[in-house]
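Below: the structure, in structure tokens.
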């Protein structure tokens, strides 16, 4: 039936900040849904707390609310905007849970809002583990034996029926949060306790283990007329027991017989019908026993998911767009498939003539204390996808796209002749970790057979055969050397996915020589199109991947082209903010008449949507892959400053190969990164830097440190996200750092900077054009003091405490730097402002990044100017004046950005903030005063306001004076104070009564006991030096486990306490309303 005419306004709930288990794939689906519904003439209202998303751009919906995603706030939006319907299936678990809350609190009924896309009962039945199991039984489908427990006693009783290992899955949590695998009673008690606490309904499913079974996922789309299609069948290379988000996955499924495939197909459609998903996309997960062939249904998601984003990119079938249209009444046969130019209807099941491999990207290097074993709780932070004509080609392309320094199936570095190392190898095969695939390859190098490896890993023998073949190619190539590389052999190796760099490594040559040889022998890639129909119909959509065959389908045009290099897989320190900038560049330059070419390999993002740019190359971002595309397309310019560190690393090599890099020159980028060259520029401009030195060996580091004085910030050069960065307070600390944390050498020196204690950090984003004109985008004052990585700190725009004189000085310095570096495009500068003895502000320059920074989307939303678009046009040759962007906008309202952390996922990690970036996402709050905006940002970040009760205060000596006002404010608001001896004595001297409590080392009952007993409602805890940090670690960890709000900086505590009275108050404003005020 055609679309419904009884609906006018539709509300879409987004997924909120990026967390592990819920990343940019929901920006992709939400942005698609907004577009699809507006194309049909509906008025769209959107709520999402994450400013770094494309979907929250003011032109994506008729009203965009960057507000907390909780039912209370959404009710205010519903009361104001009066939507007729709510589409909850586009924002992941967050949106589903919020929709259920709205239904349960009677909000939907009160305002007469209809749920479309998924009914309340369907969401309940799919999400509630017990209801789901019963439903499966009713349609004759098998589930693993299990039962639901609401208490530990119930769980222990169920366990006796299902045996060990036991799988525990909490209800209504995201990415398996709180779940796990217990091998004994002690582990069961720990995991169940955690799971009950994290589940909003305090229930967990205790289930029999199907570890080692094969895992499959079916992406199904269903419409109101009960037409069902399977968009894609995805096979997990890793067997059951590893969360599907952490598994290497392959599409189409490789090891199913036709009969098994039909069985899963019928079962998944039966599941959708039973659960009652009337329209839209769902994914159903199955386990198959490799010995008996028993099929069990694991779970289903009644919404678009991470897998549906993958399936969309793998097949070219835009699931979210189609699901949005089905939700308003269309049927599949009424919708056209865009990729084939409308030649086929959307009811045709996609068929693909290539293999797609997805590999997850982990960030365990950021969390050294975390357990790196993969279980049923998701731990990866991003993913990379690659396409090839064979499994091994797509696998090897994906491996080099991961950017973990691997160029193929690199050896793990184990000594395969040592018995100890072989024992390690076997352990790694058995207990999956992030590097398991590389251990599998090493196992074949050590002479193990496919049967041996299967017995340990349970990875299907078909995949193991493929990996064994790659290893044998490698061994032959290493034996034969470069002389044996003729055209047929090279072509065979390239078809198996070998990179030039890996081949060079195997024959002891370098990448350039191999490239020269390959080109001389005319072994070049061709590009094939993703057309969703296995080349049955022609396609006008240029969605391309490389392979080594005969016919090239790229057909480049002779228009003026700009190529944009994306950011690759998400990781901590480089996430959606950079993708946001790439998308904006593509949109702006397309409007200006350029043909835009996007190169990226991250399947979750909007940049890899086939209609974001004119041509999309789904390829790894390595020099080899990018150069081949440049040679074919011959772009007028290539943009490298938008994708974070990934394309920047290639800038110099691209330029050396004659690629036209536009915007700031690679030399200027290098000048800003190279400490010695940069120092000269700073001196020339007469600016101040904290005293710093460069050490090229460990002894030198200790000598130079004495010249500067402690405390120091130490770090390796050239890093993003503050990798391996630390604050050291004394010589023994520094000695340990240069010994353990980094390899110091001439090629990789260590940087020592004097650490500015109690300084205020400030971020400034600017745009410069080719004539040297500068537009200041925004000045942001950080709330946490200097020493906390800028990506982890909350910040306020405009600044809330800096004097106008200091702000003017910051602006003056930024303009000088932009001119000194000849910046064209975006630049981000970080300053620290410290008050000297005379009470004056002294400005220190910390660093300059002549590229897009992670604050660009936040600033753009706050000031109503699309900075990334303006800067892209500057890079393509326009001036700021031509774009009418010459004056800085300083809003009357405050915008606060707050960082979101994954600590709950990693047991054993200290949640204290420091110079290494560890946040995965961000939220934004707007208010008429700084405190009101801060309150809203905290609420959006799910940081709960502490109820009245006991507040615990324990701070380092330098903070004692500064914590007084915070303690006074707590007392005035009705809290009672509890403190450790040192802090307590100080508070009492200053007339504040407080109860004294033991530190952990001082004997029981101590502070951690009080937290465990639920006596403490709020914690202020600052520390200095490694020993003190590890002493107080248990306080912060326990606070996290028991969801007690805590602050690890005095500035953060002050802002939080002052914002308490604004919690949950005030009206909601759409971006459109706020931006209108700016024009007045």
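Using N, Cα and C of the backbone, Cβ positions are placed for all residues, glycine too.
If you check Swiss-Prot, you get these features:
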BINDING   129, 169, 175, 176, 208, 210, 215, 241, 242, 243, 285, 299  ATP 1 binding site
BINDING   285, 299  Mn(2+) 1 binding site
BINDING   299, 301  Mn(2+) 2 binding site
DOMAIN    133-328  domain 'ATP-grasp 1'
DOMAIN    679-876  domain 'ATP-grasp 2'
DOMAIN    943-1080  domain 'MGS-like'
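Residue 299 (Mn(2+) 1 binding site) has a Cβ environment of 18 other Cβ atoms inside 10 Å. Counting residues of the domain 'MGS-like' (943-1080) by DSSP class, helix then strand then coil, yields 70 helix, 23 strand, 45 coil.
Counting only residues at least six positions away in the same chain, the Cβ atoms of 126, 282, 283, 307 sit under 8 Å from the Cβ of residue 301 (Mn(2+) 2 binding site). Once Cβ contacts within 10 Å are tallied over all protein chains shown, the binding-site residues 208, 215 are led by 215. On a Cα basis, residue 299 (Mn(2+) 1 binding site) lies 8 Å away from residue 129 (ATP 1 binding site). Under DSSP, residue 285 (ATP 1 binding site) is assigned to a strand (E or B) in the three-state scheme.
In sequence order, the binding-site residues near residue 299 (Mn(2+) 1 binding site) (Cα within 10 Å of its Cα) are 285, drawn from 208, 215, 242, 285. Note on residue 129 (ATP 1 binding site): other Cβ atoms within 10 Å of its Cβ, all shown chains, come to 24. The average pLDDT for the domain 'ATP-grasp 2' (679-876) in the predicted structure is 90.
Considering only the binding-site residues 242, 285, the Cβ with the fewest other Cβ atoms within 10 Å is that of 285. In the three-state DSSP assignment, the secondary structure recorded for residue 129 (ATP 1 binding site) is helix.
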